[in-house]
Amino acid sequence: MADVESRVAALEALLAGGSSLDSFQKNYSVITDAVEGEGLASPSSIRAGVDMLFIVLCGVLVFFMQCGFIMLSVGAVRRKNAKNIILYILLDATFGAVAWFFFGWAFAYGPNPNASSKFIGAGWFVTYNLPKEEYVNWFFQYTFAATATTIISGSIIERTKVVAYIIYAMLVTGFVYPVVAHWVWSCDGWLSACLDSPLLEIGLVDLAGCGVVHMVGGIGGAVGAAIVGPRIGRYDASGRALAMPGHSAPFLALGVMILWFGWYGFNTGSLLGIVGQETMVPHVAIVTTLGAAGGTLGCLSYSLLVEKHWNVVNALNGALAGLVSITAACASVELWAGLVIGYIGGWIFSGCSWLLTYVKIDDPLEAAAMHGGCGMWGLWAVGWFASPSLMGNDRACGVFYGGCGGWLLGVQTIGIVVIAAWVIALMAVIFGALHLVGILRVAPDEEKAGMDSSYHGGDAYPKDQQADSEPFTTTTLDVKHSALLSASGELALARGLPSDVPCCSVHSDLAVVDEKRTRISSRHGIVGILVLGLLTNLKSLTGTSASRRRTSSMEDSSR
């Protein structure tokens, strides 16, 4: 009883306030010790648990973005390659997890016995000796690594062999990406802002991965697309680009919206906790939203001013371009800057897309322009728009605010150059080696037939569904017209009519019917078939009546 009374007295003293700091700490210690003595969770463990739950949920959102990539990619490719891209993204998650388990995590975040080495991690291989407290970070960072690898898939699909895809996916997730992640996000990395002596006393600012994730994926995809070469039929003999639109705009739209949804976990989760950051989490979410909106507006502006129409696909890509552009800066800029950065990102995506097409780098999903171009812009934008009040460093603010001497912009520029050089060099070696040994690209006849039928046991869509969804063309109408004429001729013979007087008056009226058929088919498609059938039946009835009258006249004459 006395023990309970002492705890109550300590709590009352703590709540009453007005005591000295020493008294406060003493009373707080009494209460926390009592809580732990009763087997209850301490305040510190509760805070850790809340943060852990927040990071896991955000990691699940980031992993769910793989579903968005699947829908986006399926909608952007041709029908004959739908199964192929589904498998490739599944392989990203599967082999990426294996590579991350064996050595990716160790290279990215493992401790290095050589304290002076700031290049790569060298511990916790296959999670050996990994503290359980790090499990949550292992999972969260794995989802980012898988995302970087998936981005590359969009640039090389519809003509890349499965075995080559598996090899590159493991190398990117297991080595190319982890090294960049170590530089920027490990507190032992030479570009890290949390290093004891960061570069230019600032370090690279990249909250959620404009450089670490998107530049690695986008630039890696550009290198891969350049080495594997364009798809058959992408350019004509004169080098002019020919359109190869995807087969499902609704799938593409669904993929974009799933990615937008997952991006909230991507950016807010990169704060690595919510306790003590209750206002920063919604700040990041709002800036992310405005970035996506700005990117959509930027691409719509480009479409209206340059293409002279409302380009839906470009607008959807604009939302992703805005999201990529704001990924590095979402915790460092004011709300209004998110809209501006996203809007500029929409224009940068459109310009990079045109440039890559001009130099004949065939990128079916335009991933290089979106993630590579906008990823570089997003890193650079931090150096222009970073708010002094949010950065908390006198040397680290955007050029537009003045007074910081451009130091942050300098660090961001160095980061862009170094990351780009690393990715170009490594991916050139990987894809170049795959090309030299002859396992990178499929055979031309397999590519023309489609990856699904060549490698995956058949098309993604049943044949009857394909037939139902095929548009009616003049050729289609010719076949149906011939079938109607054939059926009409058989009907005439069945009725005992003379063979030279078919019920449809084919010989005498074929030119007229063909003229009407062509006119109808070109204007009304399926409606034309119905009208043609009606005309055919009318001709049949007319021919039958005329034949009967002719037969009757012959009988009268004979009499």
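Placed from the backbone N, Cα and C atoms, the Cβ positions cover glycine too.
In TrEMBL, annotation is done automatically, which means it is predicted and not curated.
Look at TrEMBL and you will find 52-74 (among others) tagged as transmembrane segment.
If you look up TrEMBL, you'll see 54-461 marked as domain 'Ammonium transporter AmtB-like'.
According to TrEMBL, the feature transmembrane segment maps to 86-108 (among others).
As annotated by TrEMBL, transmembrane segment applies to 138-157 (among others). Within the same chain, residues 55-56, 58-59, 62-63, 65-66, 69, 72-73, 76-77, 81, 84-85, 88-89, 92-93, 96-97, 100, 104-105, 108-109, 127, 130, 165, 168-169, 172-173, 177-178, 181, 185, 209, 212-214, 216-218, 220-222, 224-225, 228, 266, 269, 272, 363-368, 371 sit at least 6 positions outside the transmembrane segment (138-157) and bring their C-beta atoms closer than 8 Å to a C-beta of that stretch.
Taken from TrEMBL, the feature transmembrane segment applies to 164-185 (among others).
Below 8 angstroms of C-beta separation, residues 144, 147-156, 159-160, 168, 172, 176-177, 180-181, 184-185, 193, 266-267, 269-271, 284, 324-325, 327-332, 356, 361-363, 367-376, 378-379, 382, 386, 391, 396, 408, 411-412, 415-416, 419-420, 423-424, 427-428, 431-432, 435, 440-441 of the same chain, each at least six residues beyond the ends of the transmembrane segment (205-229), sit close to that stretch. Under the heading transmembrane segment, TrEMBL lists 205-229 (among others).
Listed as Cβ neighbours of the transmembrane segment (241-263) (distance under 8 Å, sequence separation of 6 or more from its ends, same chain) are residues 61-62, 64-65, 67-79, 82, 231, 233-235, 288, 292, 312-313, 316-317, 319-320, 323, 327, 357, 360, 364. Annotated transmembrane segment per TrEMBL: 241-263 (among others), in sequence order.
For 283-305 (among others), the entry in TrEMBL reads transmembrane segment.
Using a Cβ-Cβ cut-off under 8 Å and counting only residues 6 or more beyond its ends in the same chain, the transmembrane segment (335-356) has close neighbours at 222, 283, 286-302, 306, 314, 317-318, 321-326, 329, 363, 366, 368-370, 372-374, 377-378, 381, 385, 387. The transmembrane segment feature in TrEMBL is assigned to 335-356 (among others).
Annotation comment: TrEMBL describes 368-387 (among others) as transmembrane segment.
The transmembrane segment annotation in TrEMBL covers 407-434 (among others). Outside the transmembrane segment (407-434), and at least 6 residues removed from its termini, the chain residues within Cβ reach (under 8 Å) are 164, 167-168, 171-172, 175-176, 179-180, 183-184, 191, 199-206, 211-212, 215-216, 219-220, 223-224, 227-228, 376, 379-380, 382-384, 386, 391, 395-399, 440.
Sequence-distant contacts of the transmembrane segment (164-185) (same chain, six or more residues past either end, CB-CB distance under 8 Å): 88, 91-92, 95-96, 98-100, 102-109, 118-121, 141, 144-146, 148-149, 152-153, 156, 191-192, 204, 206, 211-213, 216, 220, 224, 415, 418-419, 422-423, 426-427, 430-431, 434, 439-441.
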